[in-house]
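Undergrad: One structure, pasted below without further comment.
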Amino acid sequence: MSLLKMEYNLYAELKKMTCGQPISLFNEDGDFVEVEPGSSFKFLIPKGFYSSPSVKTSLVFETLTTTDNKITSINPINAPKLYPLQRKVVSEVVSNMRKMIELKRPLYITLHLACGFGKTITTCYLMATHGRKTIICVPNKMLIHQWKTLVEAVGLEHKISIDGVSSLLKELKTQSPDVLIVVSRHLTNDAFCKYINKHYDLFILDESHTYNLMNNTAVTRFLAYYPPMMCYFLTATPRPANRIYCNSIINIAKLSDLKKTIYVVDSFFDPYSTDNIRHMIKRLDGPSNKYHIYTEKLLSVDEPRNQLILDTLVEEFKSGTINRILVITKLREHMVMFYKRLLDLFGPEVVFIGDAQNRRTPDMVKSIKELNRFIFVSTLFYSGTGLDIPSLDSLFICSAVINNMQIEQLLGRVCRETELLDRTVYVFPSTSIKEIKYMIGNFVQRIISLSVDKLGFKQESYRKHQESDPTSTCTTSSREERVLNRIFNSQNR
């Protein structure tokens, strides 16, 4: 650990790295506080900050030659086969680590790789290459299975722990597996942190963007007080401030043959209202809507909009245009509503729910991977990041208030490389609740802009798509009726 005075140059470097955001670190008293320039306190500067050679320091860090925590079960024959771009990442990592060892720098690297790149298999290859006992830390148990499958394929001795850390510590007294896969809440236990700091050399933080290391979290405390010898952050959407804890980044662009389309499903609704809606509208401008909780609650009870989403999904699914669908909502009650309605239409053999409150959901996710046709309804919290269903070909985004990082992660669920190349996203900028009309339009436009400008989607109007599709159930007369309704509504505003 390095306790340093917050001199101007150090503060400026940290500020630059976080894009001007406030910086919070542990001070010499162990308090997690916002750093102010010229502070009289000394601060605990994270080890990973010095992994970049651009950071000048006289500090010397230990290298792997001082430890003996080696994997005993490696079989080179079992090393996973990588694509050329994945091999390029491995080559970059090995080259960077040689330089780090030569310069006595911490072996900390962020793998900033696109959704669908294959971060998990690439990291498993690196793990086997290093031959060091490894901790794989995931934000939730849904991600456990994909790691388990690949670690087993590599043939490494491993153990999974998702529940009580106390019982795990008892087991570790008699056995110390080469690879330990845990959920991040285990890091709240100091005894466990001390154990892995002593007995494991490599720490892999999967989906590192899900942790805000400017908050006093278990992961923040672990990296500050029990820094591992080697560390990988894995993410497609890195948080700028997290660079303070892992300051060397490898990012390799991935060209894709996928045909990605985002359909804007617009419509013109008559104003819709209920007592419940009128009650929630009163809260839109209050402090209780600071994070747009009531905005999303209003969307969840916007019956005309919900019906439009269902009609669009049913039409596309029945036509065979899309086959493996992910439906995403912000709120659980919104998810349950869509699930029940779709279940009535298509039955339990086709419609599934990704409910965080159901312990069997991870097993259900595994079971649907091999299905040719299914509809999976879930929440942004549960399935917006890390959902491992590579065969997904379409996404219905039913919510609107989503930040850029969540948007990119969510769209990444349908950007996995498979033999089928068509990927389709549907967004719904219209609402029948006039008080949130412009707000919803602006939020959905942000989704559209990011998908087109950054992720290579092509924007198309769903109405034009229907008109050009001879199999569409939307008749010319119904389209004309909508146009007339639009004109009538505009004249009577």
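A Cβ is built for glycine as well, from the same backbone N, Cα and C atoms used for every other residue.
Annotation source Swiss-Prot lists domain 'Helicase ATP-binding' at 100-256. Look at Swiss-Prot and you will find Leu113, Ala114, Cys115, Gly116, Phe117, Gly118, Lys119, Thr120 tagged as ATP binding site. Per Swiss-Prot, the feature motif 'DESH box' maps to 206-209. Residues or ranges marked as domain 'Helicase C-terminal' in Swiss-Prot: 309-456.
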Undergrad: May I ask for the residues of the chain that lie six or more residues beyond the motif 'DESH box' (206-209) and have a Cβ under 8 Å from a Cβ within it?
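TA: Tertiary neighbours of the motif 'DESH box' (206-209) are 110, 120, 136-139, 143, 147, 233-239, 242, 246, 385-386, 405, 409.
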Undergrad: Under 8 Å between C-beta atoms and at least six apart in sequence, can you list the same-chain neighbours of Cys115 (ATP binding site), or say none if there are none?
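TA: Set apart from Cys115 (ATP binding site) by at least 6 residues yet with Cβ under 8 Å, we have Ala236, Glu408, Gln409, Leu411, Gly412, Arg413, Cys415, Arg416.
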Undergrad: Can you name the residues of this chain that are 6 or more positions from Gly118 (ATP binding site) yet have a C-beta less than 8 Å from its C-beta?
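TA: For Gly118 (ATP binding site), the qualifying residues are Leu82, Tyr83, Gln86.
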Undergrad: If you take the centroid of the Cβ atoms of Leu113, Ala114, Cys115, Gly116, Phe117, Gly118, Lys119, Thr120, the listed ATP site, which other residues of that chain have their Cβ within 8 Å of it?
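TA: Once Leu113, Ala114, Cys115, Gly116, Phe117, Gly118, Lys119, Thr120 are set aside, the remaining close residues are Thr122, Ala236, Lys254.
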Undergrad: Which residues of the same chain, at least 6 positions away in sequence, have a Cβ lying under 8 Å from the Cβ of Ala114 (ATP binding site)?
TA: Ala236, Ala253, Lys254, Gly412, Cys415
Undergrad: Averaged over the domain 'Helicase ATP-binding' (100-256), what pLDDT does the prediction give?
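TA: Summing pLDDT over the domain 'Helicase ATP-binding' (100-256) and dividing by its length gives 93.
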Undergrad: Per DSSP, Leu113 (ATP binding site) is which: helix, strand or coil?
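TA: Once the DSSP labels are grouped into three classes, Leu113 (ATP binding site) ends up as coil.
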Undergrad: Which one of these binding-site residues, Leu113, Gly116, Phe117, Lys119, Thr120, has the sparsest Cβ neighbourhood, judged by other Cβ atoms within 10 angstroms?
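TA: Checked Leu113, Gly116, Phe117, Lys119, Thr120; of these binding-site residues, fewest Cβ neighbours within 10 Å: Gly116.
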Undergrad: With DSSP as the yardstick, break the domain 'Helicase C-terminal' (309-456) down into helix, strand and coil residue counts.
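TA: The breakdown for the domain 'Helicase C-terminal' (309-456) reads 67 helix, 26 strand, 55 coil.
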Undergrad: Give the three-state DSSP assignment (helix, strand or coil) for Gly118 (ATP binding site).
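TA: Coil, per DSSP.
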